Structures are given as C-alpha cells and as structure tokens.
Amino acid sequence: MNQNADFCINNVNIATMRSTKQTENDPYGIRENACIFIKNGLIDAIEPAKRRLSSTIKTFDAQRKWLLPGLIDCHTHLVFAGNRALEFEMRQQGMSYAQIAQRGGGIRSTVNATRLASYEGLLNSAIGRAARLVEEGVTTIEIKSGYGLDLATELRMLQVAKDIESYLLVNIQPTYLGAHSVPFEFHEDPDAYVDFVCEHVMPEVIKQGIATSVDVFCESIAFSPVQCEKVFRSAKHYGLNIKAHVEQLSDLKGARLAAKFNALSVDHIEYLPPDDVPAIAKSNTVAVLLPGAFYHLRETQRPPLTALRRHHVPIALASDLNPGSSPVASLLTIMNMGCILFGMTPAEALSGVTRNAAQALGLAQKGQISSGFDADMCLWDIQHPNELSYGINQIRPTRVWVNGKER
C-alpha cells in the first residue's frame, strides 16, 4: 500500500488502455476490483482493491464503477467567429464544399468574421464550445488557428486557445495552422503567402511560445504538396511538430509527404490509397479519422481502415469541431460515428480518443492509466467501456480528474 499518495480510488474497475496489457480477448487492458493511488498529479500505483486503507490517505469508494483515461480530442478548430449555417443550406440545395470555397465561402467567410472579432469575443465563444467537450470527459483538447491568416489574428487565436486553461480545467494544445487557406490579399500569389507563413508568422509563434505544432491543408482547394513541403521544412527548422490535413477530397500524396517529415499525424485520409499506408506505418505517424466531417459533408469515400489495421498504424478519432464541415461538439458522438460510419470497433474507438490521440499530439504521458502517467481520468457509471461508443448523448462521467485535480 502506498502511504504517501495524495488520494486513492478504491473498489474500481479500470480500462487502462495500455498497449502492453491489451490482447485480442481484452482490447481495453482491464483491471477489475482495483485500487489506484495518485501522487503529485501522476498515477503512482495500481493494486488490488483494499479492505482497509490508511486514514491518512483521502479515499474515494468507486463502488465498482469504471475508471477510464481522460478523453483527448486531438483535432479541433474551435476558436472562430460567426457560423456557416447559410452554407449548410446551400449544400442541402446541391452545392459542393469545393464549389462554396471557390465562390469565396468556406474557410474564407470564417476568416472575415474572425479577423473582425475581439479577443474577448473569441475567448467567450471558444470557452462555450470547449465546455461542451469537457462535460463529456474530455481532459485534453488540441486547438488549431487558421481562421486569421494574418499575423495579428493568428497570434490572437493561439493566445485565446491557450487562455481557455484559465477558465476550464483542461489541457490545451495549440497548433499553428497558417497554411489553411490562401487569404484574399494573397490570392494572386499563393507562394508569397507561404513565404509569409514561414518567414513572418512562424518565427513569432516560436518567440511567443504559443504553439508546439504546425499543420497544413494539403488539397486542391488549399495548398499543393510543394507548398506544404516548404512549411514542413520551416517547421523542422524551428523545432515544431508536424500535423497535416491530407487526402480529404482527393489524393495528392500529402500523407506520403507528411510521413517523410515524420509527422505526428495525418488527418482525414478518406482518399489515402492503401498502397501509401506502409509509409505512414514506417514513420509511426498516427492516422486521425474525422467522421464528423465525413458525415456533415455527406462523403462516400471511407478511410482505408483495413490497410491501416493490417500495417498496425495507430488510429485516432477527433471531432474536427469547426463551423463549416464538422460543427460537432461531442467526442462521444464521434466515437459512435467511427463505429457506424467507418466500421471501427468500440475498443478501437476508445483507443482512438485516449492512447492513440495522445500519440497524435506527442503527449507520451497521457492517454493511458499506468504508473507514471498523468492522472487524467474519468469515472463512469457503466457496465462496460464499450458503452461509450454504443449510444448517443446518453452518458456523462460522474467524476473527472485532470493532472490529479478534480473538476
């Protein structure tokens, strides 16, 4: 028994999601009737349940509820102004996402609204969106910029993202997504905008320390592989991690390019050819699937799940919460969509929002319940962990801890 723990949770069933404990018969890494000890914000030890515990240790009796790692939403765009409900109506009338973007809608319409928004306005709306994720047991959220596309607004977005931590007990991981769309002022010279991203904004992001990763949108309506490679080289120069939106609408070999630069993740990948999957596996890059966008855009091309499984590529799931293609502020719903729309198992879906989502963000101490890991945990009143993927808007965690602190 650990006498020096800050607190313990006794009589608890645990889905550790540890890769070393997972088997074909037990993909959740289950420890039943256990006692977990927390010290200094970390998981200190997991032992069999205790009949008696020291009176000096603060103890929670879980009554055989289930303890799971805190959920991780590893791909969001939740800092923005305005909405795109009109574009949703246009799509329902037959116009495609690409056609709307070519007419100046899409990302550019959100850019116009976001540039006009104040810091306070952006912060208040972002807190509301993040709070909806948090109430479902999300303890870490990645948030991208990309709706400013100028120096001042991009920096403001990243600062807003980080400042959410002052209002909600949640870990925020800001990502600089300058190469999201070509802004109007550069529409005649997209290469000059890429230079602006690499030579003017990225150094300031580093100087202010408000992002640890860089993302790009490699697509025919956004940036070419050549342009994305320039962003990647600049990111490597500044010591930033790489993530990439690739193969969402077409196959430009963006995933192969990202893997060449050892990207943390390649996201969307509906049009990823199975023959390109080995390159992702070799670079240990996570495949982040975004069924919310697939659903909202009524796409039909599914990610190559069979090939990803065959080559043991880690698969994550994320909300892609954004105003245009995935206005979905529910990671639990995304888990269900991953199963129903993409054919994932409930265990794969849970791995996708815990262990694999942590890997997609380069967070080696999150996403699993194991000694030495951050004490990001949720207690659920369920019969089995597969219930998280089973229903829609039915359950919420009864208790949540972030870095050992209870919400």
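A Cβ is built for glycine as well, from the same backbone N, Cα and C atoms used for every other residue.
Not measured: the values here are computed from a predicted model.
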Residue in HIS237, HIS245, HIS311, HIS384 which Swiss-Prot records at the Zn(2+) site where HIS75, HIS77, ASP320 also bind: HIS245
Listed co-binder of 4-imidazolone-5-propanoate (same site as TYR147, HIS180, GLN248, SER325, source Swiss-Prot) among ARG84, ARG396, ARG399: ARG84
Those binding-site residues, out of HIS75, HIS77, HIS245, ASP320, GLY324, that come within 10 angstroms of TYR147 (4-imidazolone-5-propanoate binding site) at the Cα: HIS77
ASN322 (N-formimidoyl-L-glutamate binding site) and HIS77 (Fe(3+) binding site), Cα-Cα, nearest whole angstrom: 5
Surrounding CB atoms that lie within 10 Å of the CB of ASN322 (N-formimidoyl-L-glutamate binding site), all protein chains: 26
Zn(2+) site shell beyond HIS75, HIS77, HIS245, ASP320, criterion: Cβ within 8 Å of Cβ centroid: THR76, LYS144, ASP267, HIS268, LEU290, ALA293, ALA318, LEU321, ASN322, SER326
Residues satisfying Cβ distance under 8 Å from HIS245 (Fe(3+) binding site), sequence separation of at least 6: ASP215, VAL216, PHE217, CYS218, GLU219, ALA222, GLY254, ASP267, HIS268
Secondary structure of HIS180 (4-imidazolone-5-propanoate binding site) (DSSP, helix/strand/coil): coil
